[in-house]
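J.: Can you read through this structure? Questions will come right after.
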Amino acid sequence: PKTFGITSPISLAAAKDTDCTLMQKLIETLKPYGVFEEEEQLQHRILGKLNNLVKEWIREISELKHLPQSVIENVGGKIFTFGPYRLGVHTKGADIDALCVAPRHVDRSDFFSSFYDKLKQQEEVKDLRSVEEAFVPVIKLCFDGIEIDILFARLALQTIPEDLDLRDDSLLKNLDIRCIRSLNGCRVTDEILHLVPNIDSFRLTLRAIKLWAKRHNIYSNILGFLGGVSWAMLVARTCQLYPNAIASTLVHKFFLVFSKWEWPNPVLLKQPEECNLNLPVWDPRVNPSDRYHLMPIITPAYPQQNSTYNVSVSTRAVMIEEFKQGLAITDEILLGKAEWSKLFDAPNFFQKYKHYILLLASAPTEKQRLEWVGLVESKIRILVGSLEKNEFITLAHVNPRSFPAPSENMEKEEFRTMWVIGLVFKKMENSENLSVDLTYDIQSFTDTVDRQAINSKMFETEMKIAAMHVKRKQLHQLQPSHVSPKKKKHSFEGVKLLSLNDSSIDLSVDSDNSMSVPSPTNATRTSPLNSSGLSQGNSPAAPVSFSVTNVQATDVMVPQNNSTENLGGSLNESIPESATHPGFSSTPKPLVTRVVSSMRLVNQLQKPVSNTITKMPSPVAGVKRTSSPSNEDSPKKNKTEEDENDSSISADVDDQNKLETEELKEVHSEEKSSSPVPGSLPFSQQSSTDLSDISVVPATPIPVIKNSIKLRLNR
């Protein structure tokens, strides 16, 4: 039999009747969440139309460039799909990722001019726009109601045959870097499908895992969690280790494998291949920066890249804890003690932590807000990385979902978006008081955002960032009912957080269904924050028994600097490490200052100790999630014969898990001997090049307004 993956499988066991029953229950549980696409025929028809348009356009270009008639008749051209649609896990309302492949005589400029014009002439095409200067250039459109993103790649071929296999590495020869990036999505997707033993089982398992990740707020590559392709590769590796298992078993094995995975050992679906094309590939033996990646998941197509280079100490700790919780729940499901719905219950993020940082991005128009929010969000992981390096902070957990916030000044139109970061502070055994100054951490973040805004020439007047600290109980004072727990029937409307001189800051949040994660259609509709469990009555034990007595929060406005030269780089490019911790300029006066309670300055502004993190911490312990099984949940009762049977079954599951854990260690041993593994080095967040062609941003600081958050924590 064919072996999948770089190691032998853990188990070849086939599905039992109970597994099939559980799989049917899983399918029924998934249906209300809209994870199964209902418009497949429409999408197939639209892609067929698009494919015909591409062929027609390439023939026209060929005639304009006076190619021989014999070549024109067979010139070809083709639309390929990639991402969730190609993997077969496309969800309702999601867009389709497509790639236009053209022969060598068709230029990228042709794609963004004549093909763009051709699309504009189609009645079915709406909302047409091109982003030619993006890291991966793209044309976006809505075709007959279906959102489509089209990339472009020109191959060094005279014609494009219908049976072209993009996995052929020789196709990459003599291509520019933008074409290689554009091809990468299709090549990775196709490789994944060729490396799993059973595509149907893979697809159903991936649908379940993606829904679980979104519901548990750990689905976001840009914020340091995992994106779609990374989740697909983890599921594919699980399928390789259990080639005969069906989805109900694979979901459980997924949590078993990755709750016990020995990070930073990389996840590989196949042995990396050498192609001698001189392209940068992930290899910690050669590239020092690759040794610092915490959770490497390596794409199977050349040039191999780490799809999770954004993962930080905190995001990895959060994900590993979620893997462990997923294992505990699926153990219960296999024992018949829980239903699949429990796995997809959204955890209570807004009750989980005692301290939070709120980030607010605002702009004077909706169009500017969209651009500004995109930039700020792409850099939040830098703030998380800076916070987790603070010697007093154990964990910084950003909620991947942002929320709309109303304008602070009702007389002036303003569009605002808010993100929430949960903090766990270190417990100090020999100190009654703990003074924490987060000014430097916030300043580093705002410096980076400001630099990028000016470099990319997207900055507009009145674009602002605000950051402030709030305690868990203050979150409940926000205006909308979907932020406050529904314990009382009276409205919280009009309640605002108190600040200096009787001024106030209104952090109320409007509902925005477009921001919400999938939720069952037959359940009561809730707003985004509600779906995260904020309305649940029981709050878990606070991670830290500190209280905040002193808080300062300052709005930050990007300065207008018309004389600043273009320092290079684009909106979607990675920022070098040197740019994430810029030096400070002289302190200008803040535009607006707000202080909660009287302020006693503690800790002068200084850089945090650089070597506070010298090893990769284990997942945070002691934080009880709302869905965690607890001994307090059920009172003790006399043991019956049924209980003894349950205990026997439970012991069998535990024994099986332990046995497979030992086999998993053997898998790690095999992988260590056959793959490059990062060395044991001190943690230092590094930017991945990821086929990047960015220029280094100079370290000269751009003057910005200081954003000060200083806390006095009492035990």
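Including glycine, each Cβ sits where the backbone N, Cα and C put it.
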J.: Using only what Swiss-Prot says about ATP binding by Phe82, Gly83, Pro84, Thr91, Asp95, Ile96, Asp97, Lys210, Tyr219, Gly228, Val229, identify which of Asp19, Asp149, Asp283, Asp290 is listed for that site too.
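T.: Looking through Asp19, Asp149, Asp283, Asp290, the residue Swiss-Prot assigns to the ATP site is Asp149.
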J.: Could you check which of the recorded sites Phe135, Asn310, Arg381 is the closest Cα neighbour of Lys210 (ATP binding site)?
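T.: Going through Phe135, Asn310, Arg381 one by one, the closest to Lys210 (ATP binding site) is Asn310.
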J.: Other residues with Cβ within 8 Å of the Cβ centroid of Asp95, Asp97, Asp149 at the Mg(2+) 2 site?
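T.: Neighbours within 8 Å of the Cβ centroid, excluding Asp95, Asp97, Asp149: Gly83, Tyr85, Ile96, Ala98, Lys140, Glu147, Ile148, Ile150.
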J.: Give the residue from the binding-site residues Asp95, Asp97, Asp149 that has the most other Cβ atoms within 10 Å of its Cβ, counting over every protein chain displayed.
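T.: Sorting the candidates by Cβ neighbours within 10 Å, the top entry is Asp97.
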J.: Cα within 10 Å of Asp149 (Mg(2+) 2 binding site): which of the recorded positions Pro84, Phe135, Gly228, Asn310, Arg381 qualify?
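T.: The recorded positions passing the 10 Å Cα test: none.
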J.: From the Cα of Arg381 (site 'Interaction with RNA') across to the Cα of Asn310 (site 'Interaction with RNA'), what is the distance in angstrom?
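T.: Between the Cα atoms of Asn310 (site 'Interaction with RNA') and Arg381 (site 'Interaction with RNA'), the distance comes to 7 Å.
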J.: Helix, strand or coil for Asn310 (site 'Interaction with RNA')? Use DSSP.
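T.: Going by the DSSP assignment, Asn310 (site 'Interaction with RNA') belongs to neither helix nor strand, so it counts as coil.
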